[in-house]
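According to TrEMBL, the features are:
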REPEAT    23-57  repeat 'PPR'
REPEAT    59-93  repeat 'PPR'
REPEAT    94-128  repeat 'PPR'
REPEAT    129-163  repeat 'PPR'
REPEAT    164-198  repeat 'PPR'
REPEAT    199-233  repeat 'PPR'
REPEAT    234-268  repeat 'PPR'
REPEAT    269-303  repeat 'PPR'
REPEAT    339-373  repeat 'PPR'
REPEAT    375-409  repeat 'PPR'
Amino acid sequence: MNQSLSEAMELFQKIEEKGLACSEITYATIINGLCGAGKTCMALEILEQMYEDGRFKPVPQCYNPIIDRLCKERRIDEALTLFRDMINKGVAPNVINYTSLIYRLCNMGLWTRALALFEIMKNKGIKPNVFTFNSLISAACKSGKWEEAVRLFRNMIDCGAFPNIVTFSSVLDALCKEGKTAEALNLVEEMFRRGVKPNVVTYSSLINSLCHSAQWKEATRLFNRMLDEGIAPNVVTFNTVIHALCKERRAEEALSVLELMSQRGMRLDIFTYNSLIYGMCRANQWAEATRLFDEMVVQGVLPDIITLRILLDALFQGGMPEEAHKVAEAKVKYGMELSKITCSTLIDGYCFLGKMDKAKKVIDLMVIKDRVPDIASCYKALVNGYMQAKRIGEALRLEEEMIEKGVIPDLETLKL
């Protein structure tokens, strides 16, 4: 028990000993302090003392801290028993009592019991407030009950409880997760009409949903509106918009968003770079794609399999095998392991262009650097390339080389 509470309890006892009258608010304050200190049993004793004394009838404020504390301690049955006891003793629960219990029931995943209590509350003529509705709406959204969330939202407005940013964000998130972008956009407009300003979480959730449903124009329009409203996007928002623009081959706009991101001092992550490299490759801007690759390595963002696959495939398709090889060599240079996918992509690319000697050099590089966890798959890709080029003798010699180096060909390789 902290010093302030100890002093308060001492003063309370002195008042009691002298037979002086304490008010209901004094009792409520002491009970609240005890519950805050985790002294639930003592708080219950004080409550019982009020009934035994008979001078003061407990008020709803005396019950709320104890019920809330019991819920925090996951003693939900005791909390509900106390709540019923409160009613049986003629203490009418107020909106705070109901809301506190509904909030705790929702947090514990007891959605049905929370909703039942909500209906009792309304039947008793107690008007739910924004916090009551937010607890239920948030729980409905988290449980995937988006239709129930929307129903509660409409019920909230009918009850005269004005939705706030928490309410709107919960419902928007639920609609977005269900792919209901049209309904979500309508809800954003309703937010503005009611004077509730969307925040970064609201915008990000909706922009992400629009991008997933291929509504790129609407996503970028909303992003620009976000900037106009003076709301600073976070890295997730930026990444989502950049990815959307790159998918639409709007490379220049994606680079403009990147510039804005840099101006705001935000660090680019692997997702940002992968999206941009993908976008530059789709727009045939090979120089920009390789520049971004070099930049990410310098910035300490290590390329992953996706990065390498995007860039290598694009460079080979663009007829730039030398650039592709430089990318692979750069990966080795910076101490990164060349995966079997990277090696196979390089070999397939050279074979596609008929540059079999270059394809063989990839194998040699891998063996020398000892950087490939599965060299057999790379040999297999090269054997397949020789067979496609009708160079049967070299394919057979390569199989012999595999065995000499202790790499056992699988059945598929031997069948080639």
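Using N, Cα and C of the backbone, Cβ positions are placed for all residues, glycine too.
Remember, TrEMBL labels are computer predictions, not curated facts.
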Outside the repeat 'PPR' (129-163), six or more residues from its ends: residues with CB under 8 Å to it:
95, 98-99, 102-103, 106-107, 109, 111, 114-115, 118, 121, 170-171, 173-175, 177-178, 180, 183, 194, 196
DSSP on the repeat 'PPR' (234-268): how many residues come out helix, how many strand, how many coil?
26 helix, 0 strand, 9 coil
Other than its close neighbours in sequence, what residues sit by the repeat 'PPR' (234-268), given a CB gap under 8 Å and a spacing of at least six beyond its ends?
200, 203-204, 207-208, 210-211, 216, 219-220, 223, 226, 275-276, 278-280, 282-283, 285, 288, 296, 299, 301
Can you give the mean pLDDT for the repeat 'PPR' (59-93), rounded to a whole number?
88
